[in-house]
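J.: Dumping the structure here so I can ask a few things about it.
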Amino acid sequence: MDSDNEPKKSKSKTPKTPKESVLKQKSPAEFFAENKNIAGFDNPGKSLYTTVRELVENSLDSAESISELPVVEITIEEIGKNKFNSMIGLVDRERVDEALYDDFETAKAREKRLAKEARAQEQQAKNASLGKKVKEPAAPKGMKGRGDASFYRVTCKDNGRGMPHDDIPNMFGRVLSGTKYGLKQTRGKFGLGAKMALIWSKMSTGLPIEISSSMRGQNFISFCRLDINIHKNIPHVHLHEKRDNKDRWHGAEIHLVIEGNWTTYRSKILHYMRQMAVITPYAQFLFRFISDVSDKNVTIRFSRRTDVMPPVPVETQHHPSSVDLLLIKRLITETSKQNLLQFLQHEFVNIGKSLAERLIGKKLQSILNVKSNGEMGPEFTPKMAVKSLTSQQIVRIHQLFRQAKFDDPSGDCLSPAGEYNLRLGIIKELHPDMVATYSGRLCLDSVGVLSYNNKYSAQVFEGHPFIVEAGVSMGGKDVKQGLNIFRFANRIPLLFEQGGDVVTRTAMKRISWNNYKINQTQDKIGVFASIVSTKIPFKGTGKEYIGDDISEIATAVKYAIQQCCIQLKSKIMRKIQAREQQERKRNLSRYIPDAANAIYDVLKEVSQFHASKKRRFEEEDANVLQKVHSRMITKDTLRDMLTQYVEKVDYEMAMEYATQSGVNEAPKEAIYIQTLEAEYNFIDFHSSNFVFRLIQ
């Protein structure tokens, strides 16, 4: 055989020894930097929106924590490429090799583009010669390379609490450190706040952020310029100093430069600000977008409508049915209580002394040291050291918490927007023709009478209390036909992933709108639902919607919307009746001239019989006929009398309608309540339509 056909022997290679795996760990900042989509920083446009949202919500929390009516100013300034390069000290250089760039156009692509433009021009000329309507050629889209990013300076200023001077670096430069990690209602979703905006600024521009802050009564302003060491999760402070506070200002002002996309997320940001004005009508917002192109500038002021603020949310203890093994172990580690009885009483809600003794067992006679066994078992005693519990004993406690029946937690720790504020916000921003709200404050008392309860009646899921407030409006400014759904969770708007949300699914599929005289497709319907809780059951990584799989929340949302629809139905029915009444009035008025002429002709003919004494009439009828014969009653007289009668009947029906409805359908004048000075003492009595303020 020919040697060329013999297969070549491959040289044996010694397999490479795999490198030993080295155990590595990531800091929290590094994790969120690599998974920024979890916190809402999916792309430059979404990152700009999320930055604005985080800063605004932090400002509201800060002002509300000191019971200060919030004043928030948010500014987005567009920064051109040249200006950004000068900010970072980069000199613009001309391109040397155009083919290296993403926006490079080859000769073939250019020839193809020019040929397409020539054909379009030829078609335009042909249409013009035939007299056809000629469309203006679209402007050629400029090719934008991936390196041509857009940068924005975002500034947020508020009149809130401010921050302690020494805490500022850690509050911004250390991820997963903050003041919102207790069990209470909070606006935040992850506890990151502005820290994620700082990480995005570091990743997209490399520029530090600047913070100015002053607390109430301080004579200095803390100024700090810093960025974050992502790998170590520690702040990198460039400058931290105290400056003179001549104006006695208190609050915080934050400046940061980030990559973003205003064009694609403009509507989302403005929509967010509008919805935030709906749910917080006691706040004043000033939003500005500044660009080198004056036509792109935007300035919107959302004025304050009321000075009635919701109470500050209160931190509470965990409900026994809501804890897991890890949480029980953490509570045992952190508790200051010595024995098991005190631990159960003080670390959990709705476990009093008597219930704790039933769970653990208690001594029957202290002299004999005899103990009754509780549900936990004989190895548990009320005085046993809580920190000496074994893993098996902790598992037993957890099992008992899941199996035993405990009273539901109350909603006293929650802070909903309030029916009054929700109604004001809807009226202020949408200007609807009709609006109805529901907050769950109506309840049956001990004798079965429907009464107004000044406290919210919370419902419970998985041991966490929650309150649903709802509003439904008809008509309004900038409201599209059909269902317009506005969702809020812990008083923040939810704008994304609407399709899977419990409010959307309930409004679209579980409400029979026709039963309430509402046309789901033709009418302009606004559906508002606000859910507050110590734990919002968000779905998805972005936490942008509440799932439809929790029956307690779905039932509560449906009931709240239905209560609003019932209120609207009565108003719509009265409006229909009033419209029918007006229609009857118009119809009667239309026939008044013909009716007056016909009646007059009959009376005139009868009066002639009466005058000739061919027929006798009663005295009252005879008087009328005599007036007709003497022309004291004419056609005009009858026409005026019929018109007055129609007006009288219409007025009586209108008065009856107004009495039954209890509302005035006349145009309403906006009333703005001025802020009272601090030295006044007053008590507010809340209703769904008004707040009565008693000044002491």
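Going from the start of the chain as shown, residues are counted 1 onward.
Note that Cβ sites are derived from N, Cα and C of the backbone, with glycine treated the same way.
Those TrEMBL annotations? Automatic predictions, nothing curated.
Pulled the feature table from TrEMBL, pasting it below:
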type	residues	note
REGION	1-27	region 'Disordered'
BINDING	Asn58, Asp158, Thr179, Lys180, Gly188, Lys189, Phe190, Gly191, Leu192, Gly193, Ala194, Lys195, Lys543	ATP binding site
REGION	117-147	region 'Disordered'
DOMAIN	409-584	domain 'DNA topoisomerase VI subunit B transducer'
J.: Average pLDDT across the domain 'DNA topoisomerase VI subunit B transducer' (409-584)?
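T.: Mean pLDDT across the domain 'DNA topoisomerase VI subunit B transducer' (409-584) comes out at 84.
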J.: So for Ala194 (ATP binding site), how many other CB atoms are inside 10 Å of its CB?
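T.: Around the Cβ of Ala194 (ATP binding site), 21 other Cβ atoms lie within 10 Å.
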J.: Which residues of the same chain, at least 6 positions away in sequence, have a Cβ lying under 8 Å from the Cβ of Leu192 (ATP binding site)?
T.: Phe32, Ala39, Glu54, Val175, Leu176
J.: Around Asn58 (ATP binding site), how many other C-beta atoms are within 10 angstroms of its C-beta?
T.: 22
J.: Validating a neighbour-count step here. Other CB atoms within 10 A of the CB of Lys543 (ATP binding site): how many?
T.: 20
